[in-house]
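**Q** Mind looking over this structure? Questions follow.
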Amino acid sequence: MINTQNKKFNKYFVPCLGGIFGGIATSTHFWLLFMPLSLFILWSRSDKKLANFLWGFFFILVSHSWLYELHPLTWLGFSWISSLIISISILFGCSIIGGILVYLWGLLVKKILQKKEISNMNSLRLTIKVLLLSFAWGIGEFILSQTPLFWIGLGEGIVPGDLYLAGLARWIGASGLCVVQLTIGFWIYLIYEKWKRKYHFKKTFLFGLLILVILHFLGGLTNPIERNNDYPVALWQTNMPTREKTNFKNQFINDKLISAQKIALSNDAKLLITPEGTLNNNFNLNFKSKIRMLAGGFRNSKNGLRSSLLGYQIGDKTYSSFIDKHRLVPLGEKIPGFLNIFSRGLSAVGGIQPGSDSRFFKWKFTQPLAIAICYEITDGFKIRNAVKSGAELIISAANLDPYPRKLHYQFLSLARVRSIENKKDNIIISNTGPSGLISEEGKIIKLFDPNTEQNDVVNPNFSIEKTFYTTYGERPLFLLCLFLIGLNLYFGKFTN
């Protein structure tokens, strides 16, 4: 009876616990404690189909639990019960997709790695197989990041838990960080397996520890850019509840903007930035702008409504420059065509249209910029392309209301990894937070208090330096993966 209970515990509860640990670790200081343990559990059950699904399901369920905060949607015309069903369905739907993806990865593990032989397998062959499986996960996250179905995974979730290891992103990007983390998880699992079978594991432990030290040293090896105060930028964290924003009149926004511009000028700012969606559609200033401004808002184009960052010169009453949001939130901002007859989406403004996929923004009042509007912070590839094209600073504008602090922390993690990857300062500005400045090393220089209206100045550095990752992107990762596939085929064919 007890033995049966233990089997059920190992079969069902342990993989669930592993996924929960991973979800808790994502974008928190608990990473050091929970993520290695979570990945150890993943590897230990990786040949079990159900275990893989459960790990992935609970990882997403916990890490993306903020999706429940969509409820209540009564302000959009949904009934209370409909709102609850929609929110829970979205969360569980995403969790099921996560479970399926890890399940598919597990099939690859079963095909490539015979777990019963790992304690006796040649070290080189074992390393090749584990690296190949880890690369498969990392490349999978990269591919997903090019779709609107991805928010955060293992790669960016390492921050703030281990900033030294995250420093490797300058060379290998977020996808490479996935590879490193999964390899660490397997190393712990291999030590456990050797200990359980009473094999010598001292060399495995010491060699792995040495590699860990080297990786942390390389990740922490950087040449900080000397900070300056040459271009002070004012950030207006508006703290306007999204569920009430439809009631705000243009005159109210104008009055707020006049006040924000006066504060910015009193602090000697050269530029004022406001969060995503600050200005209503067809908004015009009823005064001449006193300062250069990048304001989140909406604009009508011939193809429909766009969410944009709108550029104002001194003296402008309407925007003279813009960059449109390209990546739209599924259901929230863009719904499939066949659903248009049922809903305008889970958004106050209804469906909007995507702009150009380029995140490079050049105007004559600053050095070239890389712009990420909300969800676009997940797409490291396009931000990297903007930096490669000459952007000297990243600006990340968002509206994360009404979501909880958990989402704020994940947005911060994403923004910090983008800074590390490209060695660029990152100005973040959000409605209810987070807002502030992140250094090129991924360190937080200034962070406003959340859920309060604030107007303060940050002093970003513009930099023309480019990292290895900025220059080459994921190409080395794909080439190494192909090389590992070749080696795995070679050893499979010519060795026992």
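The chain as shown is numbered from 1 upward.
Just so you know, glycine gets a Cβ as well, placed from its N, Cα and C.
Dumping what Swiss-Prot says about this protein:
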TRANSMEM  23-43  transmembrane segment
TRANSMEM  50-70  transmembrane segment
TRANSMEM  84-104  transmembrane segment
TRANSMEM  126-146  transmembrane segment
TRANSMEM  171-191  transmembrane segment
TRANSMEM  205-225  transmembrane segment
DOMAIN    236-464  domain 'CN hydrolase'
ACT_SITE  Glu276  active site, proton acceptor
ACT_SITE  Lys325  active site
ACT_SITE  Cys374  active site, nucleophile
TRANSMEM  476-496  transmembrane segment
**Q** What is the Cβ neighbour count of the residue listed as 'active site, proton acceptor' at a 10 Å cut-off, with all protein chains included?
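**A** Total other Cβ atoms inside 10 Å, all chains included: 23.
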**Q** With an 8 Å cut-off on Cβ-Cβ distance and a minimum sequence separation of at least 6, pull the same-chain contacts of the residue listed as 'active site, nucleophile', or say none.
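**A** Residues satisfying the criterion: Glu276, Lys325, Val329, Ala397, Ala398, Asn399, Leu400.
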**Q** Sort the residue listed as 'active site, proton acceptor' into helix, strand or coil using the DSSP assignment.
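**A** Its secondary structure by DSSP: coil.
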**Q** Out of 84-104, 205-225, 476-496, which stretch has the largest tally of CB pairs under 8 angstroms to the transmembrane segment (50-70)?
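**A** Ranked by Cβ pairs under 8 Å, first place goes to 84-104.
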**Q** In the same chain, which residue numbers or ranges, 6 or more beyond the ends of the transmembrane segment (171-191), come under 8 angstroms Cβ to Cβ?
**A** 35-40, 42-44, 118-119, 126, 130-131, 133-135, 137-139, 141-142, 145, 153-156, 158, 165, 201, 204-205, 208, 212, 215, 218, 380, 384, 417, 421, 467-469, 473-474, 476-477
**Q** Give, as a single whole number between 0 and 100, the mean pLDDT over the domain 'CN hydrolase' (236-464).
**A** 89
**Q** Taking a Cβ cut-off under 8 Å, which residues six or more beyond the ends of the transmembrane segment (126-146) line up next to it in the same chain?
**A** 101, 105, 108-109, 112-113, 118, 153-155, 173-179, 182-183, 186, 190, 378-381, 474, 477-478, 480-481, 484-485, 487-488, 491
**Q** Have a look around Lys325 (active site) and count the other CB atoms within 10 A of its CB, chains all included.
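**A** By my count, 28.
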